[in-house]
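Chemist: I'd like to ask you about the structure that follows.
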């Protein structure tokens, strides 16, 4: 188990450095990654179908956020989803949910790190042409973020807060530009008949918007590091999700209205194109810099989670106990080292040009696995009566709708990903048959 005296939920008193502002930055910063900069281009072909898609996504995400908020009030412990599912359905199902979620964390972190360095290539083209140098830089970035997290959760919290503030700047800029352009009639509204509004188009657009909300549960995972988690985490989760939804809706709508849908749909850098029209041709570099900061900030937050999740599983007796050992600063160093080592292996595999498509495919599957976690957590909320039943049911229906939108192939391979944990669970169940107290 962990070193040092513990208080309230198995964490040292000095190791609760995350207050409401930092916890909210963790939620917002983990949701707003580099992918948002291409979201307007992805959504533009769907025209007015995007409006109901955004409405469904924001409402569904808030329902899921409410589920996490209610569960955290009752069970403010490190591990978030793992703890909630364990309390409702036992260790077996909890292991598989946590296993899939943990995989989604470290695989996704590899993709985020690759994105960050790809934006760096706008300033240093050598990273776009030298695969080995690019891989080395990506791995260095992962371990830099790991070192920051190992140095202390408060340090990671400050990095997250600063990066979150910076990453919102270009998004706010396009909203401001649209507001100034509106009185002059410079906005281009989509044709209401191209394409027609329909359920299929709404579902596809909704699936695209959903990916931008993954991470709304971020504050629940390191609950033992949060000051007054039963109060702070629900506020950060609900407030952060609502704030992010508003930012996405305004920023993406502004880009489409300023560029016109047919232009936005074919733009390789829609935010840069908008800002470039008003701020000059160097805008591409400006936006690339902010996109890189956005990716680095998201990586920092997700690295925090990829260390806390296996530590929580170890504390619950479903992962090797050594991963729960904390440093003097209350950090699960061994869990961080394991997770970042796995990210490094994936990045080394990605260094081969022939494995790039495979790496991307695995990242998509990991995202699908995280949706399974949302369904399980919603079911846990129903059983534990953590929120009003209709909220939990709405959250479950929304998550299932999102899984449907992901397609049968991704769901099938997502199931395979989860089942890959069967041998691990058999080994752990044989070694540690008795449940251990969680942090």
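Please read every residue number as a count from 1 along the shown chain.
From the backbone N, Cα and C atoms, a Cβ is placed for every residue, glycine too.
Because TrEMBL annotations are produced automatically, they should be read as predictions rather than curated entries.
The model shown is predicted, which means the values in this text are computed figures rather than measured ones.
What TrEMBL records for this protein is below:
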type	residues	note
TRANSMEM	20-39	transmembrane segment
TRANSMEM	51-72	transmembrane segment
TRANSMEM	93-119	transmembrane segment
TRANSMEM	131-151	transmembrane segment
TRANSMEM	158-182	transmembrane segment
TRANSMEM	197-216	transmembrane segment
TRANSMEM	237-260	transmembrane segment
TRANSMEM	283-305	transmembrane segment
TRANSMEM	335-352	transmembrane segment
TRANSMEM	358-380	transmembrane segment
TRANSMEM	387-404	transmembrane segment
TRANSMEM	410-428	transmembrane segment
Chemist: By a Cβ-Cβ criterion of under 8 Å, what residues six or more beyond either terminus of the transmembrane segment (20-39) are in contact with it?
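Modeler: Distant contacts of the transmembrane segment (20-39): 112, 115-116, 119, 157-158, 160-161, 163-165, 167-168, 171, 208-209, 211-216, 218-219, 222, 226, 232-233, 235-237, 239-241, 243-244, 247-248, 251-252, 269-272, 287, 291-292, 294-295, 297-298, 300-302, 304-305.
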Chemist: Can you work out which residues elsewhere in the same chain, 6+ from the ends of the transmembrane segment (387-404), have a Cβ less than 8 Å from its Cβ atoms?
Modeler: 56, 59-61, 63-64, 66-67, 69-71, 203, 206-207, 210, 368, 371-372, 374-375, 377-379, 381, 411
Chemist: What stretch of 51-72, 93-119, 131-151, 335-352 shows the most Cβ pairs under 8 Å to the transmembrane segment (410-428)?
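Modeler: It is 93-119 that shares the most Cβ pairs under 8 Å with the transmembrane segment (410-428).
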Chemist: Cβ under 8 Å, sequence separation of at least 6 from the ends of the transmembrane segment (93-119): give me the contacting residues as numbers and ranges.
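Modeler: For the transmembrane segment (93-119), the far contacts come to 33-35, 79, 81-83, 85-86, 127-128, 134, 137-139, 141-142, 288-289, 291-292, 295-296, 298-299, 302-303, 305-306, 309-310, 312-313, 316, 318, 339-340, 342-343, 346-347, 350, 359-360, 362-363, 366-367, 369-370, 372-373, 376-377, 414, 417-418, 421, 424-425, 428.
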Chemist: Pairs 6 or more apart in sequence, C-beta under 8 angstroms, 3 or more of them: is that satisfied by the transmembrane segment (335-352) and the transmembrane segment (197-216)?
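Modeler: By the criterion, they do not touch.
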Chemist: With pairs fewer than 6 apart in sequence excluded, do the transmembrane segment (237-260) and the transmembrane segment (197-216) have three or more C-beta pairs that lie under 8 Å?
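Modeler: Checked: the transmembrane segment (197-216) vs the transmembrane segment (237-260), in contact.
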Chemist: Among 131-151, 158-182, 283-305, which stretch has the most Cβ pairs under 8 Å to the transmembrane segment (237-260)?
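Modeler: Ranked by Cβ pairs under 8 Å, first place goes to 158-182.
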